[in-house]
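Single-structure report; data block below.
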């Protein structure tokens, strides 16, 4: 169950056994296809992604609040592969009153990043659970966050593509402060109405409010870590740590940098375009 933790702590003499254990959990597919590093929208048509060629094994990177979960979840449904979000794993552990819950609560409330050891532990358990259910492929959201995590992942599986979602800081802060959650069903909404000038001559970025149904309005809560101070602290920590991870995957030719042009209505079709995906084709496919 703690295969990734054992690998994280292991010496070189014992790492091969741990790697073998995690490799089985990850259900590694055929050798990965190289994807040229690029930044949308500068050259969206040069992507060589072919998700139908084999099992999808993708990673989504991006700042807190950028929308990793939203787009990874949509792609998960479209492609029929599990969406594994480390943020959800942490929140599930917090609700469980398990052995890590108190430690995690202190870390989250202070706006700090959860340690490699804890994340690897939670992810290992999730992967083993998925293996038992016959899952194949995955879209990882929020992992890896450090080069060490990326190195561990590389040792045990082939990552086909790493999508790095990007938004300006002002938009990220407003999005995070506008997040609301239904206290009963757990569904996410966003009450922020965003309209800001783009950076470096880019078009304006507009995002409409994602208003909840009237019956849900009185059940909305704000996440404890969605205060302006904590949001800015999270962004600062993320930027300090993310560049080495981006460079790691860029050097392998697997990084796709995607500047979100707006909200879901504007961004989703563009993301499908750079990934060479036809939503209607997948919806009509019996395997979808």
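Glycine too: its Cβ is placed from the backbone N, Cα and C atoms.
Per Swiss-Prot, ATP binding site is recorded for 65, 66, 67, 68, 69, 70, 179, 262. Sequence-distant neighbours of residue 179 (ATP binding site): residues of the same chain at least 6 apart with a C-beta under 8 Å from its C-beta are 65, 188, 189, 190, 192, 222, 223, 226. Secondary structure at residue 179 (ATP binding site), taken from DSSP and collapsed to helix, strand or coil, is strand.
Using a Cβ-Cβ cut-off under 8 Å and counting only residues 6 or more beyond its ends in the same chain, the region 'NMP' (85-114) has close neighbours at 68-69, 72, 121-123, 126, 140-143, 145, 224-225, 229-231, 233-234, 237-238, 241. As annotated by Swiss-Prot, region 'NMP' applies to 85-114, with the evidence given as similarity to another entry.
Per Swiss-Prot, the feature AMP binding site maps to 86, 91, 112, 113, 114, 142, 143, 144, 145, 149, 223, 234; the stated evidence is similarity to another entry. Other Cβ atoms within 10 Å of the Cβ of residue 145 (AMP binding site), summed over all protein chains shown, number 20.
Under the heading region 'LID', Swiss-Prot lists 178-226.
When the binding-site residues 67, 69 are compared by the number of other CB atoms within 10 angstroms of each CB, 69 has the fewest. Summarising the environment of residue 86 (AMP binding site), the number of other Cβ atoms within 10 Å of its Cβ, over all protein chains shown, is 21. Taking each of the binding-site residues 65, 262 in turn and counting other Cβ atoms within 10 Å of its Cβ gives the largest count for 65.
Each residue contributes its Cα atom, and for residue 262 (ATP binding site) and residue 86 (AMP binding site) those atoms are 25 Å apart. Counting only the Cα atoms, the space from residue 67 (ATP binding site) to residue 145 (AMP binding site) is about 16 angstrom.
Spatially close to residue 66 (ATP binding site) yet at least six residues away along the chain are 165, 166, 167, 172, 175, 260, judged by Cβ distances under 8 angstroms.
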